[in-house]
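Listed in Swiss-Prot for this protein:
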type	residues	note
TOPO_DOM	1-26	topological domain 'Mitochondrial intermembrane'
TRANSMEM	27-48	transmembrane segment
TOPO_DOM	49-62	topological domain 'Mitochondrial matrix'
TRANSMEM	63-82	transmembrane segment
TOPO_DOM	83-227	topological domain 'Mitochondrial intermembrane'
BINDING	HIS161, CYS196, CYS200, MET207	Cu cation A1 binding site
BINDING	CYS196, GLU198, CYS200, HIS204	Cu cation A2 binding site
BINDING	GLU198	Mg(2+) binding site
Amino acid sequence: MATWSNLSLQDGASPLMEQLSFFHDHTMIDLLLITMIVGYSLSYMLLTKYTNRNMLHGHLIETIWTALPAITLIFIALPSLRLLYLLDDSSDAMITIKTIGRQWYWSYEYSDFINVEFDTYMTPENELNTDEFRLLEVDNRTTLPMNTEVRVLTSASDVLHSWAVPALVLKIDATPGRLNQGMFMINRPGLFFGQCSEICGANHSFMPIVIESTSIKLFIKWLSNMM
């Protein structure tokens, strides 16, 4: 989520987020070129004093303004389709977690381990430390190992929710009575923040998500303390 003095996209913490950042830059370059061409054409038409009153058609210019948009769309569509395929790729996961949206907190279950279940509530503002973010800190962080394929299953117990962590390119709807899944891998240690991205009631803004990425050794130690 956006934090103080943070502009543009967040730093990617997964391979897919890095690919999406590259695609964003690629698309912005295409849009810049289109803006320059259209701006030059408009300026030329408005400022030139020369006109051709006898011109009835122009096959060349009609071919150009038909072909150029088609070529531009191809250059945007091909990497976009590749990313859509990668986002839906469900490779073998080493760890599976289940997150359940409730009004207004999250419940987590580590289904690969015994008795690893907990709830996460937003930390009140009067209990925050000086290095913690308002409306983004929780009492129990979700700890996961880095460089490990993780599958997250989402559901809800009451109304629609959405489990979203932008730095990991994750936004999975949590629907009552259904299980949705997403795959991701964290490639560096750190804290990654998210929030519920589906309006779910009065306290919708107070459902933060905090994922703590650690090494395998520290993750096993955390598991032993939770079990």
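Cβ atoms are placed via backbone N, Cα and C, with glycine included.
Mapped onto DSSP classes, the topological domain 'Mitochondrial intermembrane' (83-227) shows 25 helix, 63 strand, 57 coil. Long-range Cβ neighbours of MET207 (Cu cation A1 binding site) (same chain, at least 6 residues apart, Cβ-Cβ under 8 Å): GLY101, TRP104, TYR105, TRP106, MET122, HIS161, GLN195, CYS196, CYS200. Mean pLDDT, taken over the topological domain 'Mitochondrial matrix' (49-62), works out to 76 on the 0 to 100 scale. The Cβ of GLU198 (Cu cation A2 binding site) lies under 8 Å from the Cβ of LEU160, HIS161, SER162, ASP173, ALA174, HIS204, each on the same chain and at least six residues away in sequence. Counting other Cβ atoms within 10 Å of each Cβ, the lowest count among the binding-site residues HIS161, HIS204 belongs to HIS204. CYS200 (Cu cation A1 binding site) has a Cβ environment of 21 other Cβ atoms inside 10 Å. Distant neighbours of the topological domain 'Mitochondrial intermembrane' (1-26): 76, 79-80, 83, 86-87, 133, 136, 166-169, 184-188, 190, 192-195, 208, 213; these residues of the same chain sit at least 6 beyond its ends, with a Cβ under 8 Å from one of its Cβ atoms. Counting only same-chain residues 6+ beyond the ends of the topological domain 'Mitochondrial matrix' (49-62), none has a CB under 8 A from a CB of the stretch.
Other than CYS196, GLU198, CYS200, HIS204, the residues of this chain whose Cβ falls within 8 Å of the Cβ centroid of the Cu cation A2 site are, in sequence order, GLY101, TRP104, VAL159, LEU160, HIS161, SER162, SER197, ILE199, GLY201, MET207. Residues GLY101, GLN103, TRP104, TRP106, SER162, ALA174, GLN195, SER197, GLU198, GLY201, HIS204 surround the recorded Cu cation A1 site, their Cβ atoms falling within 8 Å of the Cβ centroid of HIS161, CYS196, CYS200, MET207, which are themselves excluded. DSSP places the residues of the topological domain 'Mitochondrial matrix' (49-62) in helix, strand and coil in these numbers: 4 helix, 0 strand, 10 coil. All chains included, 25 other C-beta atoms sit within 10 angstroms of the C-beta of CYS196 (Cu cation A1 binding site).
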